[in-house]
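These notes concern the structure reproduced below.
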Amino acid sequence: MDSSSPLSSTTEMASKSSPDRTLSHTRTYAYPLDAWYFLASFIALVSLCHFTIQVVNWVGSNKRVESKPGSRGRRSLLRIPVAILNLVRTVVFRTTISLGGSYTLNLTEFFLGSAYIATLFTWALINTTTVEGIPLSPEYYANRSGLIAATQLPLLIALGMKNNILTFLTGISFDKLNLFHRIVARALCVMLWIHAAGHIIENGKAGNIEDLQQPWFRCGIMAISSFTLLCVFSVQPLRSRAYELFLVSHFFAALIFLSGAYYHADNNGLGYYIWPSLMVWGLDRFLRFVRIFFINGGCWTLFSTKTAPLLRAKIEVISPRFLRITFRRPDHFRWTPGQLAYLSIPSLSAMPWEAHPFTIASIDADIPRARDSQQSSRDESCDKSSVESAVVTTEIVSPPEYTRKIVFLLRVHNGFTKRLLHAASATDTGGAFGAYLDGPYCSPPSVRGFGTVLLFCGGSGISFIFPLLLDLIRGANMGTNPICQRVMLIWAIRRPEQIGAISDDLLQALDGLSISVNLDLRIYITGDTKGDIEKYDHSMSEAKLLGAPAVRVFSGRPSIAEIIESEVAAASGSMSVNVCGTAGMAEHVRSALRTTSKASDILNGGPSISLHVETFGL
């Protein structure tokens, strides 16, 4: 061990009579562990709550509650727990705080982030007064802050992993944990600079300039500088405008940081604080490689080329700013509604490892005709139907190709999506390109088990909402979700041609719809006037869809507050509200729920409302 290293010197001096050195050495090693025990206890508590809620939801998911629309009875004290739960949801999840123009956090995210930062800095800076009464002595906090940061690195990496055990334990999907990944990273960045500044101050006072010129110290500064650049490039405005640059800088900056940090710590005999982080980081990459290998054909992947992988993705230009990507589902690829996958098209990628996350806009199951749809359709049009046509409505399984495809719906931005647009517009191969998949990822909410479900989306947000809608239709037709009685979709789009992105699949899903569910699908076209919409030449499938009884088209923006107020007044039992759109749309929904969902209404029989907001991008 290098005798000039700070912790080795501290260890040797701790046995001497200086009380400051003895206390500093003891607290340097004890406080980082105390901080970890505290955080681990909190994670365990959240995990326990998650599994308890899962069991409760599973027990009550298929119990149908018969109630008249809008029925309100006498105030019941038995509903006090539900009213309290709804009040807590309103305060901690639907009240938001804006940080600049790029970040909007609900109170839960804000206070959890603040509590984490307060925890780290409390353990780093508490009891740093010397026996002579000098406060904030670097002799106490310099090494301690560095070790606290080192012990938090596995948590930092785990929060950013795609294959995430924290998602399994807490039920929070990795895209939501990614927010805390960034919060933890920025807190540790400050903590590491405190560590470096403390050593510089301490060595400067002692006149020990030689330590600052040692390789272990320079590697530490290199690691901190790399980590700082990593945090700078991950700021949301930079990340969204130059995602490819963010991917490259993030990978190499993380590699430089971990390598430099390991050399710096190992030189002081503390490498065991860093190598677990390296192992976690490497394990995530290895698991992703294995997943990609088997999903995309296993051993056959080795024989595919950059221009001819096993999967062929068909790119369709729905509008100048809207694309639809379709390809055959790999045999070993399964997903739940609302999950996402990383898509890589090597021939259109700027870098070999470039992959972008998109929500899967299809479901991994067939949608059967409902048995009750046969009788209802016969009653409504018996003069037009024959016995032969009635037999057709009893077909149970939809065409095989329906469940053998994966669909992505995406809005065109700069970079990768713009290259997709140009390639699809210029190709003479029918827009088919070799592709690779990695996924699925995320833990989207289940919309089953609710009496009323409201789905709000804007533009390409339909890619998240549409599979939830298809799953609800499937549950109604199969009778596996009897509690659901009403489903409403609100989709705001700029141009009417965007309807073509879902028209074929939605028409197929509506064929044979169960009469047990009241379906209300509203499409709001915000970029055209009513006259322009009427002049638009719809395709045959679009025209059929717009002629369906459950589908209505409006010009202008939806009045979200009025819609939610009307639906809450007409509902009882449980309600699920799901949003995937702009920050403005999400805030309109939150605001409407804050004013509409009241404890007094719930006590009188009003609905208990669950809200899920899915943000664009990562």
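Heads up, the Cβ atoms here are built off N, Cα and C, so glycines get one too.
Keep in mind it's a predicted model, so treat the numbers as computed, not measured.
The compositional bias 'Polar residues' annotation in TrEMBL covers 1-17.
If you look up TrEMBL, you'll see 1-23 marked as region 'Disordered'.
Here TrEMBL flags 35-56 (among others) as transmembrane segment.
Feature annotation from TrEMBL assigns transmembrane segment to 103-126 (among others). Panel annotation: around the transmembrane segment (103-126), residues 31-32, 34-35, 38-39, 91-97, 136, 141, 144-145, 148, 152, 179-180, 183-184, 187-188, 191, 194, 236, 583, 586-587 of the same chain, lying at least six beyond its termini, place a Cβ under 8 Å from a Cβ of the stretch.
According to TrEMBL, the feature transmembrane segment maps to 183-201 (among others).
Sequence annotations record features per position, and here TrEMBL assigns transmembrane segment to 213-233 (among others). Sequence-distant contacts of the transmembrane segment (213-233) (same chain, six or more residues past either end, CB-CB distance under 8 Å): 2, 4-5, 185-186, 188-189, 192-193, 196, 199, 239, 245-246, 249-250, 253-254, 256-261, 263-264, 267-268.
Per TrEMBL, transmembrane segment is recorded for 245-265 (among others).
Positions annotated as transmembrane segment by TrEMBL: 285-303 (among others).
Per TrEMBL, domain 'FAD-binding FR-type' is recorded for 303-467.
Taken from TrEMBL, the feature transmembrane segment applies to 449-470 (among others).
Under 8 Å from some Cβ of the transmembrane segment (35-56) lie the Cβ atoms of residues 116, 119-120, 123, 148, 151-152, 155, 166, 169-171, all in the same chain and six or more residues away from its ends. Sequence-distant neighbours of the transmembrane segment (245-265) (same chain, 6+ residues past either end, Cβ-Cβ under 8 Å): 150, 153, 215-217, 219-220, 222-224, 226-227, 229-230, 233-234, 238-239, 271, 273-275, 277-278, 281, 351, 353-354.
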